[in-house]
Each structure stands twice: as C-alpha cells, then as structure tokens.
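These come from TrEMBL:
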- 506-517: compositional bias 'Polar residues' (COMPBIAS)
- 504-531: region 'Disordered' (REGION)
- 80-101: transmembrane segment (TRANSMEM)
- 130-149: transmembrane segment (TRANSMEM)
- 169-189: transmembrane segment (TRANSMEM)
- 201-224: transmembrane segment (TRANSMEM)
- 244-264: transmembrane segment (TRANSMEM)
- 351-375: transmembrane segment (TRANSMEM)
- 395-414: transmembrane segment (TRANSMEM)
- 445-467: transmembrane segment (TRANSMEM)
- 473-492: transmembrane segment (TRANSMEM)
- 567-588: transmembrane segment (TRANSMEM)
Amino acid sequence: MDSDVQRPFLSREDTDDAEEHINNRQSFKYVRPVERRSFLKTVKQNITDHFKFVGAGIIAAVSYFDPGNWGTDLAAGSQYGYSLLGVVLLASLGAILYQILSCRLGIVTGLDLAQHIRLQLHNREKNPMIWRWMVLYPLYVLAEFSLVATDLSELLGSAIALNLIFPFMPLWVGVSLTALDVLIILAMYNPSGSSRSMHIFEGIIGVMTIAVFGSFAVLVIKVHPEWSEVMRGFLPNKLAFEPGATYISIGIIGATIMPHSMFLGSKLATADRLASASSVNSSQTSSNEDRFSLSNIEETSRNPLEYVAKAMKQDPDYEPSPRIGDADVYEGGPGRLPSILKHLKHGSWDIALSLLTIAVPVNAAILIVASATFFNNPNRDSEGVADLFDAHDLILKYIGKPFAFIFAFALLCAGQSASITATQASQAVSEGFINWKSPPILRRLITRLLGILPSLIIAVIAGRSGVDQLLNASQVVLSIMLPFAIGPLIYLSGREDVMRVWNPTDEGQSTSTTNLLDPSRLGPSHAHRRRQSENVTIDGGYQQFQLADQLQLNTTGQWVDLRPSKYILIISWIIFVGLCLSNGFVVVQVCRGKEI
C-alpha cells in the first residue's frame, strides 16, 4: 500500500531541510557536507558580529595611552631606563582585567557601576541616611574628583599638542584654546548612540593611532635599544619599590587603570550591539539627528552661543540605544541569556585584543625610546626628565618633520577623544550616583573650568616644566582615587545574586517570563523607558531585582551564574590590596616631607 502512494516531488533544498529536521529529532549525526556548511556559517556570523564591537575597543585603547600615559612613560624611561617596563605591562594587564570586569557587570545586569553602587547604598534597611552621607556621597565626590584630574591631563596634553603644532603659540594660549573643545563635542558627540557619527570619529582616531604606533615603531628601530635589557625590563625588579621610582610607578598605574574607564566601560556595555539596524534606526532616525554633519558644524561656528544654549536643554525626543536586557521584554525576541553570552564573548575579546595590540605596544615604545635616548645616551645635551616636548624634538630629529607633525596632531586627537569619553563617563557618574541628568555640554563646561584655572596659573608661572610636573601629578591623583572605583567593581562582580541570569527551560516558560516582565506590569516609568531618557533610571533596576523571586516562582528554569572564576576575583583583590599599599606609601612619604 505504501509503495503505491504517490510521493510529492521534493526539491534538493526541501530534502536537506527534512534531513536536518530528522537529525535534530532523532539526534543522528550530521553528514559531513551539512556540518561543513554550518561551521562556515558560524565563522562568518561570528566575524560579522565581532565587527560590531570593534569601535568600543579602539576607544578604550585610546583612553589607555592618553597624554597622561605619554608623560609618565617618558618620565619613567628617562629616569630609570627599562626597569619600569614591567610596571607598564602589569598595569596594562590589570587594566584589561578590570575593564573586562566592568564590561561583564554592565552586560549581565543591564546597569552600570554607578547605578549598582546607588542600588547598594541609597535605600539601606538600617540607617539609610548614614549610608548615603558617609559612603554613597563621598564615593560620588571622589569619582567626580577623579574626572576632574582626568580632564586636567587631557587639557594639558591638548595644550602641549597645540604648542608643538604652532611653536609661536604660548602654552597659556593653548590652555585657553582647549576650552573651545565644547564645540567639537557639539559637532561630533551624539548622545543618542547613533552609529554613524561615532564610527566616523572612531575611524579618524584609529587612523591617527596607527600613525602614532608606526612612528614609534620606526623611532624604536632608529634609537637601537639594547633588546636584552628591554626584555629584562619586563621582569619584576626591586627598583620599582625605591622611593623615586614608586612615585613614577604609581603614576603609570593611575594613567593606565583610570577610574572613569570603569564607570564608562560598564555604561557602554549595557547597550545592545547586536540589535538589528532596522529596529534601532526606526526608533531613532525621526527623533535623533546625526550630529557628525557639515550642517551641524556650520551651525556651531555661525551661532556658537545660540547653539550652546540649545544644547544645554534636554532633548524630549531623545531615545537611548536598546539595552541587552530589553530584548525579551520589549522586542519579543530571543531570551536574554544567549544575547548576554554573545556580548560577553565578543566584548571581552575586543577589549583584550585592542589593549594588547595597541595600548601596550605604544606605552612600551614610548618608555623604550625615552630610555634609549635620555637614560642610556651619554651625549644627551640637556638634563632632567624627558617630557612630551623632548619626545617631539626626538621624532623631528630621527624621523623627520612629517612624523613630528603626526605625533603632535595625534596627541591632540588623543586628548580630545579622551575628553569626549570623560564627558560620557561624567554623565554616567552623575546619573548613576545621584540621579542628576545634565546635558553633555554643561558637564563639559564644569569639568573644563575646574581644570583650566590651575593649568593657566602653572603655564604662566612655571612654563613647560611646570606643566609637565602637573601632568604627572594628575596621574598620581588618579591612582590614589582608583581603589574607590575598582573596590566596588570587584565586590559586585563576585556577588552571585547580582551576576546571574534566569534561564527558562522551554519556550512556553520563556513566554511566561516575557509576560511577567511586560512593561505594563513594571509601572509607568519602566513602561516608557524606551521613549523618555529621564525614565532610564535605576528604578527599573530595583523593580527587576525585586522580580527575581517571581521569576523563579512563575517559570520553570534555573539561575545561570555568570560570575568570573574565583581565581580571577582573587587576582583582582590582590592587585587592589597592592595598589592600596603603594598609594599609602606615597601618601606617607609626602606627609613626612620626603622626596618621592
């Protein structure tokens, strides 16, 4: 009977689909052609997805060799030779570790570091006012102070770059001109998360970064360093613990592991970088104008005061980028866990590769060049610590005027790009700690004014030597402020109730999870979070945390623990303790009036 039944004609594609369905149902092995095709598709998809994360890694790398890094690396190489290369390497590895931890915190929870600190301290059951005024608000003040120190280093670096490009320009004039970078932010900074302007800016910075990297590579070859000594310098040595070297080492650590990067990294990690372009553009194109355009730049230059006043007002139509945790709540798409795992993989690799291939080689090259030219060169005419001016003169002498101009212009770009990231970080800090929302232009003016006054005084009175000392001192201040950022980061990363995601066991239960987290059940502020920026607060975070028990009661599944391994946490705490001891040593030496 069955043989007489006329079977419908099946195409090759239908046959393959049917065979694949049978294999899935009966757990049969795939034939080799299907397996090979699936592998190629997986590789292609992974590469395509990873390119969506590349820009964030480049920006992170730029912030790790900003003008503060350049100044401390030059001082280390010129005073102590290759001996502090190990400090540069260890500081860079620590930066990668903490940057990945901050990235993981934002990806898994959908909240940044500042928001988590407020969650832990603002509404404590016992003595809430004591926790706020004795812990929360002091941490906020220290975070803001570190942002001012960060902006100070970017300001000084940009002023030095202007002086190198235009030698006739006095330093104090360059310091004053850096205040005009608010116009650059107005023209290029897009708070809506539009990819076009940021990708263009990231591309420009990437090109200049490659130019700086290439010029230092050529310069390293020209100065003929002792490579055996260079390799030995990467090994730990006791010189780093001598009083003078400790001050420089602390500066290197503060310039490499920057507090604002922890807040900014966790903030940027909350965005869904794998969201479809159509879904993002449809919600943003009509209300968010791409600010990297000639019309905006022309408007800024024609009516700067009017444009500044316009930018000082909150945009009522501003829409944030979609968050990772919003996928299953608002879009009805796949669950959070697959998206989170993909973000963790690509985000971690992007940070590690960007810092290892860009930031570490550039920082090491700066120190090597300074050591070979200033420390090991008996024919060195001048004495004292090398600075950015000496580095520029060195490039001009050994490579030529074009590369010297590239060095100065790249320094200017690095300072300005780092200033923009500092503005983003200040937004995250103020909104997360005290729920204060302010336009980026206002934040920029406040931090820049706090940094420009001491810079002007030093530039007028002490000149280039005073500016260089102030640049190094700002990095030491950043290192002292660092434990107050990474301490809470490590603590939160090690908490199971924070770093976990609920994973339903089947589609039906996943649907019930979506219904449970429906915006209508979360209250008006949470339901309209996608439409109004003022509602993107930690209130939604409170409600989601309170719904954790309901998830477990109303769905079938299990909690997935996404904490880092215990060894990573132990290493993080060891570095934290070592940093605190080093900072304490420097503070004690300063209080005792001893030379450091």
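The backbone N, Cα and C atoms fix where each Cβ goes, glycine too.
Curation does not apply to TrEMBL; its annotations are automatic.
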Candidates 80-101, 130-149, 244-264, 445-467; stretch with most C-beta pairs under 8 Å toward the transmembrane segment (351-375): 80-101
For the transmembrane segment (244-264): best-contacting stretch of 80-101, 130-149, 445-467, 473-492, 567-588, by Cβ pairs under 8 Å: 473-492
For the transmembrane segment (473-492), distant same-chain residues with Cβ under 8 A (at least six beyond the ends): 68-69, 71-72, 98, 101-102, 105, 113, 116-117, 120, 139, 142-143, 145-146, 149-150, 152-153, 156, 247, 250-255, 257-259, 262-263, 266, 498-499, 569, 572-573, 576, 579-580, 582-583, 586-587
